[in-house]
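Heads up, the thing below is written out as structure tokens.
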Amino acid sequence: MISRVLVPMDGSDMSEQALTYALEAYPDAEITVLHVVGEPSPLWGKATGLALADDLEGTAQEHAQPTFDRARELVANADSDADVETVVKLGHPVRAILNRADDYETIVVGAHGGSVSDRLFVGNVADKIVRQSPVPVVVVR
Amino acid sequence: MVETLLLVGVVASVFVGFNIGGSSTGIAWGPAVGAGLLRKTTAAGLMTFFVFLGGWTVGQNVMETLSAGIIHIEISLAAGVAVLFFIGMGILVANVFGVPVPTSMTTVGAIAGLGLATDTLNFETIGWIVSWWVVTPIIGFWIGATIGRYVYPELNRRFEITSTEGPLLVFFPADSRLPIGFGPNTTTQEIAGTIVVFVIGCYMAFSAGASNVPNAVAPLVSSGALEPNTAIVVATLAIGLGGFTIARRTMESVGSELSDIPLLAALIVMITASTITTTLSWMGIPISLVMSSVMTIVGLGWGRATRPITAREAIRGSSDAEIAMGALTAEPDAPVTEIGAEESEAALDAGDLFNPRAVIKYVSMWIVGPSMSTLLAYGFFNVVFLVG
């Protein structure tokens, strides 16, 4: 039985579907919702804004809050006994996800998230996770 | 025939200028508009004026380089129109995909492609320009990193740019005989902050004019189809048009990204980038505002992210950054979100924000952009001259 599941969420619909799927498929698992902030962007404003913040932890949490709120709603709506915790990380999403992958038995990701320019700067996260993850990956669409 | 060609050329110029106006107005005025210190229309008006000033003065040197320095012969009207199309194409790609393709680089690339195809490229000038393109981002990064690491925290303590409720200035206030007075909540600090933001915005608009006005018209100036002064006016009007129209959108998109950065940091970036751009334009080097801006931003963030380690340790690489970061930033009672279980996470490492590979990937777009433009222009002009 799968007991530890990582669900990276970027706030997109697709990532919400990933969480919903994870809650249904692994109702007894410990699910970690991971949100990455300060990712590369056209002017590097997100990353620099965080680097300059007086309280890095707090600011990162603040940026992640809307996504976590949404996740909490999904958990409340789902009829699930899953244990869900949230984690915020900094920088490149793929790197942040892969750095933690070893602690989990499965990663559940949405097929894709952002716009064309996000893809250019960050790449297709799901694609890279599938190719580089040391643990099995479920891609939800 | 010549008139039609010139008309097509001017239309292409206006298209290029219009887009330049959209993007550079966003960078120059995004932070001020975002902070609510200025209306978008006011920003566009100021932009137009200072772009003209920059183009008319310092911009002449860049115009000289683009129209007569890169290739030995003059750019014929027909070739100039084609070059403008390549510049426009670069801008289109940049807009559609949201990639910052520096216009100055596309311009030099397209003219260099023409030079290669006709065997008239001035390698000495192009080498000089390209070496400055290599050095400039490094300078921007270095300045940003130095300020971010050593100066920023102190500046941040001393200066606070605020915007209070209510208007900054009121006209014909009831309690005064003067026709103008401070708004109800306006503080001296607010006035000073607003003036600083305003002056720096004008400076950036000036440097945008100096570096960008020639991009829109130099290909037409070279053959004498347009007088330099007429050309500068045409470019200014086109840039102004962009400033008043599409810049409303770019001020929001660019502005929103710049507003992720504290206003003080944005101002530091603007001063640094404008100074670099103005200086290089004065030397006749075509350079893009966005290039020095981005590298200063990255430098500022990186310098600050690596701040807890002393410079000596950073060079030796002997300190454990994660522990140092945690000690400084982890607050015992930082808000921890919990849905089910408590979060038990190691402290965040700000160093993760500037992954070297991500930065290199980003910078490589600056190499790909102008190279593509050179290759495409080279191919195009080769075919044209073979046929013709």
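Just so you know, the numbers here start at 1 and follow the chain as drawn.
Placed from the backbone N, Cα and C atoms, the Cβ positions cover glycine too.
Where the annotation comes from TrEMBL, it is an automatic prediction and has not been curated.
Under the heading transmembrane segment, TrEMBL lists B:44-63 (among others).
Long-range contacts of the transmembrane segment (B:75-97) within the same chain, counting only residues at least 6 positions beyond its ends with a Cβ under 8 Å from a Cβ of the stretch, are 2, 5-6, 8-9, 12-13, 15-16, 19-20, 23, 67, 103, 106-107, 109-111, 113-114, 215-216, 219-220, 222-223, 225, 369, 373, 376-377, 380-381, 384. What TrEMBL records for B:75-97 (among others) is transmembrane segment.
TrEMBL lists B:130-152 (among others) with the feature transmembrane segment. Within the same chain, residues 105, 264-265, 268-269, 272-273, 276, 280, 283, 285, 287, 291-304, 306-307, 311, 363, 366 sit at least 6 positions outside the transmembrane segment (B:130-152) and bring their C-beta atoms closer than 8 Å to a C-beta of that stretch.
Taken from TrEMBL, the feature transmembrane segment applies to B:191-210 (among others).
As annotated by TrEMBL, transmembrane segment applies to B:230-247 (among others).
According to TrEMBL, the transmembrane segment annotation covers B:259-276 (among others).
Marked as transmembrane segment by TrEMBL: B:282-302 (among others). For the transmembrane segment (B:282-302), the residues of the chain that approach it from at least six positions outside its boundaries are 23-24, 27, 58, 61-62, 64-66, 69, 100, 102-105, 107-108, 128-129, 132-133, 136-148, 152, 204, 207-208, 210-212, 214-215, 261, 265, 268-270, 272-274, 276, 353-354, 359, 362, 366, judged by C-beta separation under 8 angstroms.
The list of residues near the transmembrane segment (B:363-387) in space but at least 6 beyond its ends in sequence, with Cβ under 8 angstroms from a Cβ of it, reads 79, 82-83, 86-87, 89-90, 99-102, 105-106, 108-114, 116-118, 133, 137, 291. Look at TrEMBL and you will find B:363-387 (among others) tagged as transmembrane segment.
Within its own chain, the transmembrane segment (B:191-210) has Cβ neighbours under 8 Å at 20, 24-25, 27-29, 31-32, 35, 37-38, 43, 46-47, 49-59, 62, 159-163, 168, 182, 236, 239, 263, 267, 270-271, 273-275, 277-278, 281-282, 289, counting only residues six or more beyond its boundaries.
Long-range contacts of the transmembrane segment (B:230-247) within the same chain: residues 10, 13-22, 24-26, 29, 40-41, 43-44, 47-48, 51-52, 55-56, 59, 63, 209, 212-214, 216-218, 220-221, each at least 6 residues beyond the stretch ends and with a Cβ under 8 Å from a Cβ of the stretch.
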